[in-house]
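This report refers to the structure that appears directly beneath it.
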Amino acid sequence: MAEPRPVLQMTGVVKEFPGVRALSGVDFRLFPGEIHALIGENGAGKSTLIKVLTGVHSLDGGTITLDGESVEFTSPLQAQQAGISTVYQEVNLCPNLSVAENIFIGREPTRGGRIQWKRMRKEAAELVDRLGLDIDVAAPLSSYPLAVQQLVAIVRSVGTGDRETPGSGAGQAPGSGTATKVLVLDEPTSSLDRDEVLELFRLMRQLRDDGVAILFVSHFLDQIYEICDRMTVLRNGTLVGEHLVRDLDQVGLIELMIGKALDQLEELHEHQLHSDVGETLVKAEGLGRSGKISPFDLEIKKGEVLGLAGLLGSGRTELARLLFGADHPDTGKVTIGGKQVSMSAPNDAIGAGVAFCSENRRTEGLVPDLTVRENIILALQAARGWTRPIPASQRDELVAKYIKALDIRPANPEARVGQLSGGNQQKVLLARWLITSPQLLILDEPTRGIDIGAKTEIQRLVVSLSEDGMSVLYIAAELEEVLRLSHTIGVLRDRKLVARLANGPEITTSRILETIASGEHQ
Amino acid sequence: MTATAQKPKAAANGTASRTTRLLADPRLPVLVTAALFLAMYGGGLSRYTNYGFGEPQVFLNLFIDNGYLLVAAIGATFVILSGGIDLSVGSVIGFTTMFTAWLVERQGLPLVLVVPIALGVGAFGGFLMGYVIHNFEIQPFIVTLAGLFLFRGLCLVISKESISVSDPSVDTLAQTRVPLGLGELSIGALVALAVLAVAYYVLHHTRFGRRVYAIGGNEQSALLMGLPMGGTKIAVYTVSGFCSALAGLLFMLYIQSGDPLHAVGMELDAIAAVVIGGTLLTGGSGYVVGTLFGVLVLGLIKSLITFEGTLSSWWTKIATGVLLCAFILIQRTMTGRKKT
Amino acid sequence: MTTTSRLRALTRHHLFWPVAVLIGLLLVNVPFTPDFFSVKMTDGHLYGSLVSIVLFGSPLILVAVGMTLVIATGGIDLSVGAVVAITGALTCSYISDQADQSALSAVFLAMGIGLVAAVVCGLWNGFLVARMGIQPIIATLIIMVAGRGVAQLITDGQIITINSEPYKLIGGGYWLTLPFSIFVVAVVVAATMLLTRRTALGLLVESVGGNAEASRLVGIRSARIKIMVYVFCALCAGIAGLMISSNTSAADGNNAGLWIELDAILAVVIGGTALTGGRFSIGGTVLGALVIQTLTTTIYTIGVPTQTNLVFKAAVVIAVCLLQSPKFREKVFGRKTRRKVTVPAQPVAPVEPAPKTEVSR
């Protein structure tokens, strides 16, 4: 089968950040008139690949050709001018301006320097109409729901090239003069409901039929199977496969994404889960938050490790945040140790003995300017209040104890936390919560982006903590990891807790994969 | 629910969202301020009508007495719409009065020459501040604070004493009144109204104006949409510097002297007028017409207090503060509603 | 440790630049006034340039110390100048109403009234910022505008002069050969350091200013902390207001504390506390305030016309800000720290500039 020439070809793309190789020699091609899914877990390199493509990051190795010509962009604007438009998950438009202005800003039709409002509205209306949308272009963008704003962003990015730009000058329009060849949609569906997604898909199909090559990033597998023609799967910064969608089923895809037991954690393999699981500690009934996670019931016993399995965006973080009061639940109630807890703010949960290590260490966990010592005692100090400082001797002893126990390096309590490596930062966060002696420890992807040695140590720690009677809610992208540590595995799919599996010999990664793929508990 | 996606228009125009949409309409605060102005004016009419408050000239005097503030506030409107702030307004005004008085009186330069020089210096000062703000990513607050010190300092460098202006051409300009049927306006007031018209045109009918709104609405988006952000930001501060200098000239005409302590703190009046006029201090939403009403409300407070006779001048400040507080709280509830 | 590395450690110390600037400024005076550093004893009082720098700088130090905590939480307080005026006005007008203006009880009561008013202003600011969620710069603008009017209302637009010996002591009197205000400043600075470093307040303030979301998730009640620092800042401004009105034995609603908020913010920035919040240094702020006061004195002693004071100040503001701007340093001193343009789509952790890679792992 003779394939047409790809409109975009990336070969051997390498991107390095200090200490991390985000992309190591990735090949990627995109054909005109196709919708191509880019798939991978967190840290697989999806966003880095897109950013390299659209000129946000510079290239450290490899080549990019667009329409047969070698290109390298140094800014998003350049990429746009060459015909590569990007629509991000957060709508990058100005909500205070009208829809028509958002479509045309930077290239408004003018005569003698005066904006021709009527003409602009008319052309915007025609464009919107041609794409089969029903939007009042004179209304301010903020009067529309996010889904419509998303569509407007797409209209802007594709509607720019096919008309002559009147006048030229410094304020040159993105995409002017060149039709959009490649449209990158970076997780556009993550905050849309089903009907809104259908509308988006209709628009995507229409653009594809017009010959636009669409690169679609989504973590919803159903959507990928519904709309995409071809997919590229990344894992740990490498290409693991390019397939036609019809050639690969969901289980096969998930295996590609998560990877099979590529395992260096052999010592833990022999580990037997301790059976010393006590009474119910935490009980959630009908807990939920609309748009984040459907109401769920959950029980965590004393000394139990409950693992959450599910793909990115399946609601695993959202579930954890509700249990900690980081987000306010719409429905349901939580009882901890037999007492109902209001969960309106993290304080309530902390008071009841819950601790939460966020997956976003930098933005939601650490205070980078403060020292290791200060970051470690922060939670305990917050609980004591500002008037009762931890006595210096006791504080130093505690900090030294945990620096040693968790092997935090450098073992200098005065070091600024922002300068530590990822693994050590994670350990600082763990130490912060461990000194509060929590009853339930929630770990959201504690092993993400850290080196293999630190990974092993953290997993061993989880085991020994649970042996000592602490309950742990453990979230990880790698199924092996969840399977190895957990007594019970909660499976999530599409923001629903679809199954709870008691770990045992019959539970294997493929069994969990099937559950994730089918969304049913067999 | 299917209708939502197929016909987004239907959903957005639905009855449920009509109130929300009305509350979110950026024109609403302008109407509120206009209504407040009318109410205050009406109150003044009923209370002081025997003292000549009803004379059309009393109304026109609002423009004559506050023309300079209007011009300064228009400059501030540009800056605030773009999401920035300019603290140097009062100092630039004071400096311009001093500088022009010095050039005209001490150096004997003709006014025709002095006016463009003064305007150029003000605009250049604004340009410099914009340049530093954009290129070195220093907060506008601090940069324009330095501008405040610099221009006030330059006033004092020129002279510690006030310089009264007796140049005949200045005198003629200051005294000229243009009859308008019911009353008359000064040159200063007319210039201010002309600036208002130009500002309206620029903000609503040129690409530059729309970029100002875009940057104030969402700076990151504006950048990603490929708008030339740096140029716009610098231009906004240049406009503000120019308007402040022009306001300084009008102020000089109005009181016919240059003084190193003229217009101390006028940046606060300008910012207050802009906020009372319904412009969001976070940028991106507001109208220059609102600023006109903001200035008129502040001016009306002053004349009402004059008419009252027994009230002292500091009530102006207190009333301004109270109004400011009220409008900030109104804005807060409006934007709060929009987000949730 | 080699000499160079010791030197480097010294220049890296957070107080190095403020101290260096202060010493430099002081030394500039020596050629013009050879006995600049000498302190004389006359009538049992110490006199000298150094003493007067501290004396005249006292109100600024007080206001700047309060401002430091506000800025450390990521806020700003523009209303301190107005608070200075209100406190002075209330206190002086109460004292002036007394038959015996030197009665101790009346003076204490008057000071109490003034300080309570200051605290009320601080509560209002804190309420708007922490509970209503209004940007600090806007929230504190209200009292900045209205406060002066209130102060003039209290003094009835007059400058109230009083004649009270005990009250005079705070801002203009001497005790143990030194100006009394130096003791007041010392007590406030020491109390602030104790309050922030002996309790956990300083840590929590830095945490809230350094990462608000992380602080919420760790269970810090940041609203309370914020209200507290605004109240504290207003209280410091109130004490400064007492000092200024006591020094002149008069309350001037219009001019007392005019522009002190700007000087105070400047002192905080010179002292090395970033306007974005987080780490703060009370010592640095005190040095910053002394730098500003020394600048004024220096301009006076080296014979530059005093009216250029403000121009110099503008130059210092610009210089300090430019030196603190990473962009400026990058452009001028070359590309020591590589920085990437980040686009808001998703913050990628590894993109952070990591100049200190030797520490990691």
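Cβ atoms are placed via backbone N, Cα and C, with glycine included.
Pulled from TrEMBL, these are the features on record:
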TRANSMEM  B:28-46  transmembrane segment
TRANSMEM  B:58-81  transmembrane segment
TRANSMEM  B:87-104  transmembrane segment
TRANSMEM  B:111-132  transmembrane segment
TRANSMEM  B:138-159  transmembrane segment
TRANSMEM  B:180-203  transmembrane segment
TRANSMEM  B:234-256  transmembrane segment
TRANSMEM  B:268-301  transmembrane segment
TRANSMEM  B:313-330  transmembrane segment
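Here the transmembrane segment (B:180-203) does not touch the transmembrane segment (B:138-159). Their Cβ atoms form fewer than 3 pairs under 8 Å, with each pair 6 or more residues apart.
Taking residue pairs at least 6 apart in sequence, the transmembrane segment (B:111-132) and the transmembrane segment (B:268-301) share fewer than three C-beta contacts under 8 angstroms. Of the two recorded stretches, the transmembrane segment (B:58-81) lies close to the transmembrane segment (B:234-256), with three or more CB pairs under 8 Å once pairs fewer than 6 apart in sequence are set aside. At the 8 Å Cβ cutoff, the transmembrane segment (B:87-104) and the transmembrane segment (B:234-256) share at least 3 close pairs (sequence separation 6 or more) and count as touching. Beyond the ends of the transmembrane segment (B:28-46), by six or more residues, the same chain brings 22, 53-54, 59, 276-279, 286-287, 289-290, 293-294, 296-297, 300-301, 303-304, 307, 327, 330-331, 334 to within a C-beta distance below 8 angstroms of the stretch.
Long-range neighbours of the transmembrane segment (B:234-256) within the same chain, counting only residues 6 or more positions beyond its ends whose Cβ lies under 8 Å from a Cβ of the stretch, are 65, 67-69, 71-72, 74-76, 78-79, 81-82, 84, 86, 88-89, 92-97, 99-101, 115, 118-119, 121-127, 129-131, 133-134, 140, 144, 164-166, 170-171, 173-174, 186-188, 191-192, 195, 208, 212, 262-263.
Long-range neighbours of the transmembrane segment (B:313-330) within the same chain, counting only residues 6 or more positions beyond its ends whose Cβ lies under 8 Å from a Cβ of the stretch, are 29, 32-33, 269, 272, 275-276, 278, 281, 297-298, 301-302, 305.
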